[in-house]
Amino acid sequence: MSTRRLRSEDYNDYSSTDVTPEGSPPGGINGFAHPESYQRFGETNGTTWYQTLIHLLKGNIGTGLLGLPLAVKNAGILLGPLSLLVMGVVAVHCMGILVKCAHHFCYRFQKQFVDYGGAMMYGLESTPSAWLRTHAIWGRRLVGLFLIITQLGFCCVYFVFLADNLKQVISTANGTTNDCSLNRTVPVTPTMDSRLYMLSLLPFVVLLTFIQNLKVLSVFSMLANVAMLGSLIVIYQYIVRDIPDPSGLPLAAAWKTYPLFFGTAIFAFEGIGVVLPLENKMKNPRQFPVILYVGMTIVTILYISLSVLGYLRFGADIQASITLNLPNCWLYQAVKLLFSFGIFITYAVQFYVPAEIIIPPLVARVSERWGWLVNLLLRVALVGVTCVLAILIPRLDIVISLVGSVSSSALALIFPPLLEIATYYSEGMHPLVITKDIAISLFGFVGFVVGTYEALVELAAPAATVVNATSAVVQ
């Protein structure tokens with residue numbers, strides 16, 4: 001590993017990992033006559049529409065998807081899917097706002113690329129308020145802070161997910177059979193607490209995060225994607241069979257549980273961070289709006305279908321991750337292990353973002369001789385922090401809802417509409433557009449406050465008795 005002294009300005013707070021910009025065309029941007037002529041990468045270096053679509057899908061599909069059936073339970077069998085649809089439309093609209101504002105500043109300042117934090121900073125510099133212009137740098141810092149919270153929150157969720165699924169597989173291993181059609185209760189074998197599983201996983205996760213080359217990580221990431229895709233196919237084929245009568249399910253759940261739905265749903269839709277780097281790296285960026293709408297339509301359909309079918313299939317017994325409801329046979333145990341493998345690899349990919357924001361400025365403060373050691377120690381410390389937080393909040397549903405409410409709502413719903421107002425207000429905006437942006441930001445802020453409060457209240461209250469791996473598994 002190179003010990004060249006690193007400078008903090010060498011790094012940018014890009015919110016994508018697989019698609020971090022690698023450079024700029026030698027000719028610069030002088031030939032751009034209009035914002036629509038953006039071609040920030042050469043034809044040979046850019047990604048195709050298909051590759052961009054795959055990256056977009058990957059950036060929006062993860063553990064949040066598996067928690068959506070429980071989210072629908074917290075909202076109701078009718079209110080839940082309708083809310084998911086509305087949130088999907090709003091989230092995509094906010095992604096479009098972010099891209100539009102980034103284009104505006106690229107053209108205005110003749111820049112090759114503007115990331116999320118940069119767009120917020122330039123937006124504040126464009127406002128009529130002298131105070132906001134003076135403190136515009138805090139726009140970049142605030143976005144960077146929420147990116148760090150979001151990505152490390154994902155990592156906490158991954159620890160809990162891995163521990164819960166591994167615990168269930170191991171505790172029921174003695175009763176696992178090859179026949180998935182049986183309907184019987186399988187006794188479980190006493191095993192470690194899930195928090196001990198998290199500690200057991202810690203050394204392996206630390207070693208994984210020592211891989212700092214994105215090209216190497218991309219190979220593992222591809223394997224993870226294949227494993228997760230195969231697992232989803234098997235999950236779908238199981239939940240569509242033998243769906244019981246849904247007449248007993250409530251159309252709308254109690255209002256107190258809806259904030260938990262909001263947190264989980266916005267956690268699942270948190271893909272806005274990958275939008276700008278993806279658009280920037282395309283061979284033909286003009287295709288990106290179509291790719292964005294097509295990709296997010298696929299994501300929204302996937303979210304709604306899995307959440308509704310999962311809740312219909314398991315009803316009130318639905319758990320924090322739908323994988324925990326799968327039968328105790330080797331096929332579905334393999335599904336849990338495959339998805340866990342995918343999430344394990346994805347940890348390193350998600351961890352890359354906060355690591356690139358936090359570590360380089362600190363490494364730049366030490367000599368070249370100790371730079372590599374400080375780098376590794378900081379990685380160990382950051383992974384340890386996510387593990388400790390996961391141990392302190394070992395309930396997967398609460399962790400997902402809390403992360404979604406605290407950080408995902410800010411990045412996906414609150415900031416983009418405010419950015420549009422800051423960017424275009426001086427140039428004149430229709431009152432309806434301003435009203436729309438304020439309404440979206442208020443919706444996100446209310447979800448942020450109420451969702452965070454309810455998640456903390458639920459966390460402080462004793463956990464409800466649920467059917468889980470520590471009691472009995474029905475096959």
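Cβ from N, Cα, C; glycine included.
Automatic prediction, not curation, is the source of TrEMBL annotations.
Per TrEMBL, compositional bias 'Basic and acidic residues' is recorded for 1-10. Annotation comment: TrEMBL describes 1-29 as region 'Disordered'. Residues or ranges marked as domain 'Amino acid transporter transmembrane' by TrEMBL: 46-455. For 75-99, 142-161, 194-211, 218-239, 259-278, 290-310, 330-349, 370-392, 398-419, 431-453, the entry in TrEMBL reads transmembrane segment.
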Any contact between the transmembrane segment (218-239) and the transmembrane segment (290-310), i.e. 3 or more CB pairs below 8 Å with pairs at least 6 residues apart?
yes
Tell me if the transmembrane segment (142-161) touches the transmembrane segment (330-349). I count contact as 3 or more CB pairs below 8 A, with pairs 6 or more residues apart.
yes
Quick check for me: are there 3+ Cβ pairs below 8 Å between the transmembrane segment (194-211) and the transmembrane segment (75-99), leaving out pairs under 6 residues apart?
no
Are the transmembrane segment (259-278) and the transmembrane segment (75-99) close, by which I mean at least 3 Cβ pairs under 8 Å that are 6+ residues apart in sequence?
yes
Suppose I define contact as three or more CB-CB distances under 8 A, residues 6 or more apart in sequence; do the transmembrane segment (370-392) and the transmembrane segment (75-99) meet it?
no
